[in-house]
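Right, one structure below, let's go through it.
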Amino acid sequence: MSAFLALTCLTVILRLLARLVMGARYWWDDLCNILGMICTTAFTVIILHERHNGLGWDIWAVPQENLTFLFMRYYVAMVMYGVGRAFVRLSIILFYFRIFNIGNARPVMIFTFVLVNCLSAALVLTLIFQCTPVSYHWLRWDGEHQGSCINLSMFMKSTAILSVIVDFWQLVVSIPFVIRLNLSWKKKLLISIIFLVGMGTIVVSGLRYPLIEEFAHSHNQTRDVVDIGMISAIEMDVGEATFFINILRAEEINLGRL
């Protein structure tokens, strides 16, 4: 995970430096890039750090005084996952807003912007308020507290499916407008391929899906959370890194000036 995180941070920094060298002004997509990187870093650091405090251990091997803080930090990590994925998706659609100035592209991009925001808001708010009261998420392990939580299995599976659909839509929606840009067919084909390379994150999301069922029905979550935590971190890192590598290549052929 550390290697994927380093790649993510490097690609975001290179993307910002590339825009500086090109003399381009920074925009809202650049801010979302940075915020997404911060959330991705926070999620990955929490997962890695908590492996020394009981994450990945059998729950009976974790000292009881560690369990509350362990579940609390994992709760924070889950929220960081939702917020980080939201910022990455927003940076992509804002990037499209910046480069596609074709008249009828705007309604499609606005629809995509609304779709992404609705999905992201629903994901983040549900993650935050998955239990009532919120603190029940990290206090319920001792059986001494009262509260209720949503059906985690249904939520995680439905979110995973919707995420794949939205990610796929975000990648392919740009291709018709790329074809209409004032570029040679060679460059149009290259740019289309560049964007489709971003499907790497969809592949990782697909690998994450089978682990959701296993984790949602686990009776030993401190042990079983590691696999889904690691694949989620890689999903965030790959999603951010692959797309921004693509943007670097696209801006290299002056897409940002069209």
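Placement of Cβ uses the backbone N, Cα and C atoms for every residue, glycine included.
Marked as domain 'Rhodopsin' by TrEMBL: 14-239. Feature annotation from TrEMBL assigns signal peptide to 1-23. Feature annotation from TrEMBL assigns transmembrane segment to 74-96, 108-129, 160-179, 191-211.
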**Complete:** Counting only residues at least 6 beyond its ends, the same-chain positions whose CB falls under 8 A of a CB in the transmembrane segment (108-129) are 78-79, 81-83, 85-86, 89-90, 93-94, 96-97, 100, 150, 155, 159, 162-163, 166, 169-170, 173, 177
**Whole-number mean of pLDDT values that fall within the domain 'Rhodopsin' (14-239)** = 79
